[in-house]
Protein chains: 2
Amino acid sequence: MHKEIQSRDVFYVSDGTAITCETLGHVVLGQFAFEANEKTFPFVETEDKVCELLKRIQHSYERDGVKPLVFFSMVIPEIRERLMEAPAFFYDVLESMVQRVAEDTQLEPKPKLQRSRSVGKDSDTYFDRISAIEYTLAHDDGVSLRDLEHADIILLGVSRSGKTPTSLYMAMQFGLRVVNYPFIAEDMKMLRLLPEFEFHRHKLFGLTIDAARLTQIRENRLSGSEYASTEQCEQEVNTIESLFRREAISYINTTALSVEEITTRVLEKTGLKRRLF
Amino acid sequence: MHKEIQSRDVFYVSDGTAITCETLGHVVLGQFAFEANEKTFPFVETEDKVCELLKRIQHSYERDGVKPLVFFSMVIPEIRERLMEAPAFFYDVLESMVQRVAEDTQLEPKPKLQRSRSVGKDSDTYFDRISAIEYTLAHDDGVSLRDLEHADIILLGVSRSGKTPTSLYMAMQFGLRVVNYPFIAEDMKMLRLLPEFEFHRHKLFGLTIDAARLTQIRENRLSGSEYASTEQCEQEVNTIESLFRREAISYINTTALSVEEITTRVLEKTGLKRRLF
């Protein structure tokens, strides 16, 4: 070895988007202490592209004196074969699992390009997804309360409790139509639910957050404001949690959660299913 | 076997969100012809939850007479051991790859809960992501052209060429700050670039689309309108492609692409890197 290795070159390679390789490779590498220099090579479908990539891998190997890691998925057999010529450690993110499923189920796999959510193949999915995003954008932050009968879920919470990112994630990744509504001072004072929501009670779901974290998030946005003050945040959080309890609205605390975790917990609690993968 | 199997029960199980299991399992199963009845069990962290799950798997096995498929990732050893008691085919979505990386690199893995983008662990990432989403929302569809110096990229295109979903995907999944601007009739007539964009030319990127597909998408939205007519769509597409060429703005045709594919191709063409995983 030419030097002490504390970092490694990592290549994500696919004849598709390589997003699955990135996602999985990144999680796998998260279990190791070395620093990963990650580079992504999507749509490696031609001899030219694979040649260029082979040069890059060769260069990395010569420079570091150790083989870089290559997480890949590759359907085109000739390109796959060429890729294997590179001086690298290879991890096929799908192959071994596909083979084991084939053995276990005694069914033949039919390899195809990993074209997740491609338009050509499944135009309905395309429109479902786009219309979920549009619906959710149109119903973000209380902008519109029309057409609630088409909502899959209605998220309630104080400003900065995570409603907008969660709503957009649910729409984009899961195909759900999401309304979100921020509780503003007036509603708070009256401790009331808007009459528009009465008919859709079963769709209501609350997000809350620790007052200290809310202060931190609001400070990040409007430093020194009344809006970001500890008193204001505590009072809003207490009020909305009282409202959720009084109205028997399920809710979760988002303080330590990512949007993925919030989404997953909301689906778990409501029994709502994702509409697309 | 009790019956001819054309469908299989599939369980996605994790002590985290199970999103990685779902994503990967879904792609693997896409290579097989059987219908998958997919059920997700996230946050299986307790004896109670794993017991409930074991019952569900047992019930599936007794009903179908064949073992269901379980795609899982599980860090808690006791829960993992209990899960293995179920009558199922098991696919650990990370384990074999982590072990192979450990062997290849001669480094010890340190298993940890798969808490993708968790807030506790990495608060900066949380704020980066939220602010990318906010920036992108504030700059959607030409709403604002202020603060362009903080944009990572500026997407241009006619209405319904895929700008908004792509922008939100880039922000949500890759942490990029995206401006998108629809070309409206007036700009088109003058075949001009807004003066606001001059200083940020290097950030401009065009999306175009086949006129026939554009007609279909617009019909889906406003059936029978002038806006959706073949003539209007053809004229807009021709005009904007001329503009892109004249102004030497890189562009891609989004006709047969998903938002993931558009995003990946844009990054590939611009050299822009994702800011988060």
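Cβ coordinates are placed from backbone N, Cα and C, and glycine is handled just like the others.
B:ARG160 (ADP binding site) has a Cβ environment of 24 other Cβ atoms inside 10 Å. If you look up TrEMBL, you'll see B:GLY157, B:VAL158, B:SER159, B:ARG160, B:SER161, B:GLY162, B:LYS163, B:THR164 marked as ADP binding site.
When secondary structure is read from DSSP and collapsed to three states, B:THR164 (ADP binding site) falls in the helix class.
According to its DSSP assignment, B:GLY157 (ADP binding site) is in a strand. Filtering the binding-site residues B:GLY157, B:SER159, B:ARG160, B:LYS163, B:THR164 for a Cβ under 8 angstroms from any Cβ of chain A leaves B:THR164, in order along the sequence.
Other Cβ atoms within 10 Å of the Cβ of B:LYS163 (ADP binding site) number 25 in total over all chains.
Scoring each of the binding-site residues (B:SER159, B:SER161, B:THR164) by how many neighbouring Cβ atoms lie within 10 Å, the top position goes to B:SER161. Each residue in B:ASN180, B:PRO182, B:LEU207, B:ILE209 lies on the same chain as B:GLY157, B:VAL158, B:SER159, B:ARG160, B:SER161, B:GLY162, B:LYS163, B:THR164 and has a C-beta within 8 Å of the C-beta centroid of that ADP site, without being one of the site residues. Residues near B:VAL158 (ADP binding site) in space but far in sequence (CB under 8 A, at least 6 apart, same chain), listed by position: B:PRO182, B:PHE183, B:THR208, B:ILE209, B:LEU214, B:GLU236, B:VAL237, B:ILE240.
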